[in-house]
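Novice: Among the features that TrEMBL reports, transmembrane segment is placed at 134-152, 188-210, 230-248, 255-277, 297-319, 339-364, 430-447, 459-477, 509-529, 541-563.
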Amino acid sequence: MASSPKSLVHESIEKVDEHEWASTVSEGKVSEPPYVKESFKSKCRCLFQHIKHLDVKGIISFLEVKQHHGSSKGEAQSVLESFLYNDDLAPVEAARRTWTWKQFVYFWISGAFNVNTWQISALGLQYGLNWWQTWILTWFGYTIVAVFLVMASRVGNIYHLSFPISCRIAFGTYFSIWIVLNRVIMACVWYAVLGWLGGKCIQLILMSLFGTDLPLRLGDHIPANTLNDFEFLCFILFWIFSLPFLWMPPHSLRYIFAVKAAVTPFAAFTFVIWAIVKSKGKFEWGALSVADESKKLSTAWAVIRTLIIPLGNFSTLLLNAPDFARFSKNPISATYSQLISLPVVFSTISLLGILVVSSTYTIYGVNEWDPLVTLGRFLKGYSSGDRAGVFLIATVFCFDQLGANLANNAIPAGTDMTALFPKFINIRRGSYFCAFLSLVICPWNLMSSSAKFTNALSAYAVFLSSISGVIAADYYIVRKGYVNLLHCYTNKADSYYMYNKFGTNWRAVVAYVVGIIPNFAGFLGDLGVGISVSVAAMRIYYMNYFIGFFVSGLVYIILVYFFPVSGVPEGKLLSLKPWSEKWVEVEEFAKERAAYEKDEEYVVEAFTSGSKVRQEC
């Protein structure tokens, strides 16, 4: 008798001894929970059988994400139940909390060496500042970024929550879908953009191996003005190269960041030394201070705008900071490490960019801020030394673009999609879906008008800063660090974070919209859409992240003062006392949640932090 598709799956299940797993976790040998392990070959056989027999229900069942909740038995859940609670959004247990302070330092060392950081000082120079003023302001800017990042990371660090869950606390269980959707869109677009830049790194690698005339030898058969065969080939090669890394679980990415942190400084300083040697030690500092007359500002506003640039570039990362902070091993792993390492490494890379540009100006007579274009110029002589140098540095740039795409876009997009479509998408599937969407986005069309497009991406901070402001005000001022984990994963009427039958905290929504309004006119003016915008509106926009963050946060606090929310520690609203933040362990969280959903009297103090809270409507 032929085996059914279902039996084929069951035949492939590898039984896991949970006691053995627990012992290996305690010894630090593994970090994966005892989920059912099913071979890829058996999965393919099962899917083929469903398709062969036109078994629609079987195909749907096969595609459903099976939730395990810490056990070895997986089963599909309803759309609503999987939205409220699934394996990828569950608080991270101790076995997977493996990031020490070193991993966070490695993360930022590896992430700083990218095209964007390399050329960030160019904007300050265009506004009329000189190179050292721009660099000092870059230091201050990244220091402010580090403070905001540590603040945003805190809820993930202490309560082991991802961004999709943390935004439920402030915005409500259901309205958080809109907030998460904003982050998904940005992650997919940025994945496409960084993929295109990764393709440019592949171009340099191939030309250093096969000659600078390689694009001509390949020909041009694509009927488009925005790319040629060689550019498309390199983009696809980088895209394919990225796919295997999307299979890795987020907590395992620390190994990639450790490798990147080891090779990145070597490549960065090699690039600088090479440029200085080529220029025979000459620098043209004065040439860097030639401002773009169309962008030149008064000194005060040039300072403000230069200071805000790092915040605009980090606006998406500041939102999903909990996605990685939740893997921190202890309460301070994600605090001082990020507070110190981020401004140091990013400011150092921006200085290296200044050194390379000022030295290569003496050779080529232009301020070329794109390091990939500079490497392309180095290939013109095509000596064996030039080829080897370009190959090695471009390879490191390529690897760094890969790591940045994984950490900043693929993993956050995958995590967020588990909150939007959890019945059929987990983090891994979501990451691959993000990768496939990047092809549909066609980044070569977007980058063909790079100035306006990159302006639009950075200007999106107008919307994201308002979200961050509400979340920060809710966590630090209103709730004083108090979070009830059980209430984060339910739609029961008594949940602190349901607020009403619509699962929406209207106070947060109003504050979010009000935070956007002051910046919106300047946002349109910066995009150059043909709308006349006043000087005052543009000056407000120059402070867009600060304006959006603090206006939305202040409005939210005022609304909560007049219309209190539930689940708030007793005490004055504008006082941090009693500070109610408490590190929690979540090894039995699945059982505790199941009991809570059944209205059983079985609640652990750790999940409610033991604080006295107001029960307001």
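Just so you know, glycine gets a Cβ as well, placed from its N, Cα and C.
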Novice: Taking contact to mean three or more C-beta pairs under 8 angstroms, with sequence separation of 6 or more, is the transmembrane segment (459-477) in contact with the transmembrane segment (255-277)?
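Specialist: Answer no: the transmembrane segment (459-477) and the transmembrane segment (255-277) share fewer than 3 Cβ pairs below 8 Å.
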Novice: Residue list, the transmembrane segment (430-447) vs rest of chain: Cβ under 8 Å, 6 or more residues beyond ends.
Specialist: 187-189, 191-193, 195-196, 224, 226-227, 231-232, 235, 239, 242-243, 246, 409-411, 413-418, 421, 453
Novice: Is the transmembrane segment (255-277) packed against any residues at least 6 beyond its ends, judged by a Cβ distance under 8 Å, and which are they?
Specialist: 103, 105-107, 109-113, 245, 248, 349, 352, 355-356, 359-360, 371, 374, 378, 389, 392-393, 396-397, 399-400, 403, 406-407
Novice: Might you confirm whether the transmembrane segment (134-152) is in contact with the transmembrane segment (339-364), defined here as three or more C-beta pairs under 8 A between residues 6 or more apart in sequence?
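Specialist: Per Cβ check, the transmembrane segment (339-364) touches the transmembrane segment (134-152).
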Novice: Are there residues at least six beyond either end of the transmembrane segment (297-319) with Cβ under 8 Å to its Cβ atoms? List them, or say none.
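Specialist: That would be 116, 120, 123-124, 127-129, 133-134, 137-138, 140-142, 144-145, 148-149, 152, 163, 183, 186-187, 190, 346, 408, 412, 458-461, 464-465, 467-468, 539, 542-546.
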Novice: Pairs 6 or more apart in sequence, C-beta under 8 angstroms, 3 or more of them: is that satisfied by the transmembrane segment (230-248) and the transmembrane segment (188-210)?
Specialist: yes
Novice: Which sequence positions outside the transmembrane segment (541-563), separated from its termini by at least 6 residues, show Cβ-Cβ distances below 8 Å to it?
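Specialist: 148, 170, 301, 304-305, 308, 311-312, 315, 459, 461-470, 472-474, 477-478, 507-508, 510-512, 514-516, 518-519, 521-523, 525-526, 573-574.
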